[in-house]
């Protein structure tokens, strides 16, 4: 066994061990090459005998993109799925262009058996392929021909068969229950990033675009959909139970955006103001649950058309709920696929947070119809731009459709601070990662690509201004429509529109990992306020001590107490430090850096500056988003050991009058982290008391029942506060939750959707085996996936070790859809110290089954992340303990709690 990062590694995982001794070190370094658990990638571990430090360096698989001597112009594709035996037959007739003579054609192909293949040059005789050489590891096939294919156009014909797999990728089967109670299967697709090759042999790279003519041969009682509208439907001559459905030719597009669905669905239909037909497909009998998404979609399409000044290019768009679906949604051009929970809203049984989630996901995927589909990244290296942009503009869209959601404040809590937390780790990566082998793509479908990407685009939009940003976006879309582009192409267009150094500024944010902490101090000279501002890299592990400290080009905005919503000065910090003079600032006025919390950095104020900002929190003169940002920065500084945790807890006292949901949500999240840390110390009960004291006043003000005139944010806040109080053991909340839960189970008084999560969480946290059995029964009875997911996420709150194990076993049972297993296990990992240990052991014990279930996709990486993120809590305890009072007694904790909250 090898001891690695404190854990024993079986020697079977060691690929090779070598040593070297650099001149700068007195002792050797061992280079230990480990076999990867999840791929053919080996990892080299650098172990210093002097320091016993380790660093993992991934070794990229050798990869060569497809040859350019033959490329597709049009795919004529016919597929005939068998929904009983889970196989499909396919016929491909592709118009291709041979650019130089060759006797072979190399394509992507995976899990497909080719029966026959031939090539016919335009006006020439057909040439049969004499061999099919599969390169399974690279997911390629080489078709060999007896003579050279000459330069020019031709037709490539391939007959093939494949499997409708159960891995939620490629062309796969999705299980559902018919209204009769019978278990049936739909045939659906998920091709991004590189799984179109599992449905048909193709040139499966984003830059190799072509048009598609798709025909589906399906049971006549099933719905069949694809990217385009149906242009012909006729009986299939070989089987009277089948029909042949032909779809219109697509625009030129990438393979990963192709889609087809065969199953049983109802739909609701509408038209956008600019004449695009919009349909939302739902499970049979649930058409009403598609109306909210239809409303969002019909508002969104015209919004994007106006924003980009480019019309939506297809005649229709379908949004469809898929029962088994690994991602949240997928932006296939003209046929957008979703998890049921990301599309369906039951007017009576869906909570406010679900409505908001559906609005955001619909906005995100429809943005891709322009940004990603019309203009596509040249290679996966530029994936971040696709996802980061859509993750930013989805908020712009929802703010347009539902201004009452205060969605930009929620962005800061949901995306901005999440990205800051992840990017402060030593294990982070730059936004723009050079992707070689496509198997590496799943590694960058993370919060850096999505949330940091969205955050720096938000900062860029603010730096440029909306008018120039839109002008640049329009130029970019028009210049590259139906083509491929890179990150630099967008920077060029925005630079020309704004006249600002966009490429230089953004390069510092996308090509290096991390972000700066802006350190600010001030001096008053007469009526002038002199600010000393410096930047250095912020690290979650503590102050950056590297020899070379990276610099960023940082857009700095400054406001004052005179008008907290108005930026008084903007500067671009392009050096390690600078001095700024603000004129006409009285001694009693405060200064705030980064109004709107738009710049992607943390701020460390001098003690006097921080003290002067506290009244702005108490009297609410600071914007909610700035109250949130101030608290979040301080909490992160305390986690990094740069300030005392007690300072943060004292700051929280200033939030006694706080009315804003998102501010409370962020406070709650940070207190949750602190609670998890302290679960490893003698202070755990004291932090629960602190939480109860902090949340009780707002809980009493809100009460349990909604009041006339309340809106979306009130519902979110009530759910948050009651859940927090219940989990912390607030006795009145626990008693009321138990009473309402009993009435709900007995059918006397059904819980409103917005109260279910906090009530379920509370009764489970303080419940027994009977409580758990009741919850499992509710799960089995639930007809709506939202309700099943709601229950799955809170089951892990149960406390008894044997019941925790029961929840974990339930998570991988037939009762839980494969894509929801991760959230159920994550719920256990995030619930308690015992839950974290049990979840990690469970994942290790069941690794083979879990890995086979997800086949190395991003769900398996999410499973590891959710367990790892909770396990690293233990390693943070020492830092936390250093920031608490020196004496390790409960009375000392009570003392400073009482000091913070009288």
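Cβ coordinates are placed from backbone N, Cα and C, and glycine is handled just like the others.
Counting Cβ atoms from all protein chains shown, residue 365 (active site, proton acceptor) has 27 others lying within 10 Å of its own Cβ. Annotation source TrEMBL lists active site, proton acceptor at 365.
Spatially close to residue 368 (Zn(2+) binding site) yet at least six residues away along the chain are 331, 386, 390, judged by Cβ distances under 8 angstroms. Residues or ranges marked as Zn(2+) binding site by TrEMBL: 364, 368, 387.
Marked as domain 'ERAP1-like C-terminal' by TrEMBL: 590-865.
Residues or ranges marked as site 'Transition state stabilizer' in TrEMBL: 450. Residue 450 (site 'Transition state stabilizer') has a Cβ environment of 23 other Cβ atoms inside 10 Å.
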Among 364, 387 [binding-site residues], residue with fewest other Cβ within 10 Å: 387
Cβ-based neighbourhood (8 Å from the centroid) of the Zn(2+) site, residues 364, 368, 387 excluded: 331, 365, 367, 371, 372, 386, 389, 390, 391, 394
Residue 387 (Zn(2+) binding site) and residue 365 (active site, proton acceptor), Cα-Cα, nearest whole angstrom: 10
Cα-to-Cα gap, residue 387 (Zn(2+) binding site) vs residue 450 (site 'Transition state stabilizer'), nearest whole Å: 5
